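Here is what TrEMBL says about this protein:
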TRANSMEM  22-43  transmembrane segment
DOMAIN    24-214  domain 'Cation efflux protein transmembrane'
TRANSMEM  49-70  transmembrane segment
TRANSMEM  90-109  transmembrane segment
TRANSMEM  121-144  transmembrane segment
TRANSMEM  156-179  transmembrane segment
TRANSMEM  185-205  transmembrane segment
DOMAIN    218-291  domain 'Cation efflux protein cytoplasmic'
């Protein structure tokens with residue numbers, strides 16, 4: 001019987017450093033603007049300014065949580081946390097996803113009341129919405145420079161900012177329609193549209209984070225194709241007990257049993273199998289157990305493919 005554990009995490013280091021830097025400066029910018037708005041609202045007794053500062057607080061909290069997740073994820077593995085703390089990034093994404101859903105429900109609630117009593121839109125509120133939009137566009141651009149496609153933690157933070165950005169756009173469009181045409185109904189309609197977009201985003205992030213926390217298969221991986229490719233290697237007769245999961249959105253892992261010819265060079269075959277997994281499926285963390293054709297190993301898993 002042969003066994004090999006193979007991993008290579010160096011490929012993710014550059015992305016990790018870049019993501020953390022982007023989050024840090026996004027957090028600083030949002031927090032600074034939030035503090036300025038809060039002080040301005042307190043000094044001028046402006047409820048609109050204080051309300052927008054509250055919106056910024058939710059963004060700052062989401063960005064801060066994502067940044068904290070990266071910091072905690074840098075901790076070394078221990079005897080009790082053998083994979084380290086990187087999965088905290090997924091927990092942060094899950095919390096951000098749930099928060100987006102809660103925010104969307106609150107916007108639906110507010111919109112309902114605004115259908116009954118449409119608000120008055122002032123020039124000051126329009127200015128606040130425009131300045132807020134500019135800040136959110138800058139922060140969104142910064143976050144998009146990070147790994148917002150692959151990294152669920154960055155994606156969840158970006159969606160928070162985009163939700164606020166869409167809110168600003170909706171407020172500006174509604175404000176223009178109300179000021180020019182006296183269409184007071186435009187404000188709650190815009191709010192409902194924004195709420196739906198935020199709800200869909202929150203649902204997707206929450207679903208994806210739960211999938212990872214439940215040890216689900218990475219979306220880019222085809223289990224049947226992995227089996228087929230491994231069995232195509234000379235010397236491998238069968239593949240069983242194959243499991244593929246994600247530690248984080250950028251850290252897939254695999255374990256399986258390979259049934260091989262007795263006469264095969266196992267060291268060479270293990271190396272070929274690991275290279276195949278790395279190059280064709282982007283799986284660098286693999287644990288492969290090799291068995292002879294006549295070896296009988298009792299399966300202890302009721303759900304192994």
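Note: Cβ is positioned from N, Cα and C throughout, glycine not excepted.
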_Tally of residues which DSSP labels helix, strand or coil - the domain 'Cation efflux protein cytoplasmic' (218-291)_ = 25 helix, 30 strand, 19 coil
*Between the transmembrane segment (185-205) and the transmembrane segment (90-109), are there at least three Cβ pairs closer than 8 Å, leaving out pairs fewer than 6 positions apart?*
yes
*So which residues does the transmembrane segment (90-109) touch in its own chain, when a touch means Cβ under 8 Å and the partner is 6 or more beyond its ends?*
58, 61-62, 65-66, 68-69, 152-153, 155-157, 159-160, 163, 167, 191-192, 194-196, 198-199, 201-210, 212-213, 248-249
_Checking distant contacts: for the transmembrane segment (49-70), what same-chain residues at least six beyond its ends satisfy Cβ-Cβ under 8 A?_
16, 19-20, 23-24, 26-27, 30-31, 33-34, 37-38, 40-42, 88-89, 91-93, 95-96, 99, 103, 128-129, 132, 135-136, 139, 153-154, 156-157, 160-161, 164, 167
_Model confidence over the domain 'Cation efflux protein cytoplasmic' (218-291) (mean pLDDT, whole number)_ = 93
